[in-house]
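Undergrad: Please find one structure pasted underneath; my questions will follow.
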Amino acid sequence: MQIPGQTVPEAPDRLRVAVVGTGNIARFHVEALQSMPDDAALTAAADVDPDNLAVFTDRYGIPQRFGDMDRMLREVQPDLVHLCTPPGMHHGQVKACLAAGASALVEKPPALSLAEVEEMADAEGAQGPWFATLFQHRFGSGARRVRALADAGELGRPLVAVCHTHWFRDQAYFDVPWRGRWDTEGGGPTMGHGIHQMDLLLALLGDWTEVSATARRQARSMETEDVSIGHISFANGAVATVVNSVLSPREESYIRIDFERATVELRHLYGYGDDNWTITPAPGFEEQVNAAWEAGESGTNSGHSAQIAHVVSALRAKEPPPVTSADSLRTMRLVAGIYASAAQHRTIIPGELRRGTRFYERMHGGGSPW
Ligand SMILES: NC(=O)c1ccc[n+]([C@@H]2O[C@H](COP(=O)([O-])OP(=O)(O)OC[C@H]3O[C@@H](n4cnc5c(N)ncnc54)[C@H](O)[C@@H]3O)[C@@H](O)[C@H]2O)c1
């Protein structure tokens, strides 16, 4: 939707880029941007914490620094803003960027609720500016290869899948003020950790049609869940189990999809290369499946650099950058579906999570679900 009175910026040759939030994750954004100097010029950074801002801008030689994002938007007029702030800031900051004519690449989770993400999508212009969510696992060549083979029919129908995020975060991790709270993080490992793998699962399997889930707080002192599990059905007929845990001493991120003609597996922790993927053809399909696998895309690790290259190139071509608002909404709807199902002990379909309903407005549905 075009905002009345807003002018759509021309994408110049080199994008003018700014970073907001100069904490832990921002360096991955800046290092990616600095590896593409012909495409993007990193001109400014903003943070409310002057010490973080000073250390960060000195380290990366960023010329303009601001304590206030709105002032930066007015003075710098960037084409693209990377939002590396805590989740509770994302909704307001994305809307401010879009209103100023800048596209935004926002760290996951894109906001605290479906309501907020839909508002952000409504504030996009048909020809930009747009927002994209940083979900880096879609962009490694392994994921792109599986997607291409599945789309080309080389693997047959997807039948059954597993999507496990078994991570470990101790109590000190959740003692950071914004973590593990509904009003600042929007959820626990479903929203903050397993969301990466669930986003990748959706990128590979498409639209989901129902979910039933359980969530618990088993071991950490925090407001939200520390583990959730779910069963998901997909429009293409596949079914999947999901685990989102921050309680698992042997950490692993695992996705397995059994297609008719092959099992595809990904084992990694926080990012993967081609070697983290394996394929096991079904009897009788060895030659065809192995040949297609060998011929597929290769050579790109998952990570911020891989996605940021796609985002910059899309914006230079005046196209919506990935992961688009529609894709972000689908993933966030699944997160909301897991919370709604766990809190109400029943199966949820995506159409129930609509404007005005409890779990659309807030991930915990407005109460204290467990
Ligand atoms: N994609 C990934 O793999 C990944 C990994 C870790 C974290 N993240 C996400 O990145 C985001 C940031 O996480 P982090 O660990 O870097 O947090 P952090 O607390 O280390 O850094 C956040 C920074 O934002 C600044 N900030 C807070 N409010 C601000 C405001 N209003 N204006 C400007 N700056 C403000 C803080 O001062 C701080 O410097 C979160 O959404 C988190 O979920 C993503």
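Start at 1 and count along the chain as shown; that gives each residue its number.
The backbone N, Cα and C atoms fix where each Cβ goes, and this holds for glycine too.
Feature list, courtesy of TrEMBL:
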type	residues	note
DOMAIN	15-127	domain 'Gfo/Idh/MocA-like oxidoreductase N-terminal'
DOMAIN	144-264	domain 'GFO/IDH/MocA-like oxidoreductase'
Undergrad: Where does the mean pLDDT land for the domain 'GFO/IDH/MocA-like oxidoreductase' (144-264)?
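TA: The answer is 97, the mean pLDDT of the model over that range.
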Undergrad: So how many of the residues in the domain 'GFO/IDH/MocA-like oxidoreductase' (144-264) end up helix, strand or coil by DSSP?
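TA: Reading the DSSP string over the domain 'GFO/IDH/MocA-like oxidoreductase' (144-264) gives 27 helix, 51 strand, 43 coil.
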Undergrad: Go ahead and report the DSSP secondary structure tallies for the domain 'Gfo/Idh/MocA-like oxidoreductase N-terminal' (15-127): helix first, then strand, then coil.
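TA: Counting residues by DSSP class gives 50 helix, 26 strand, 37 coil.
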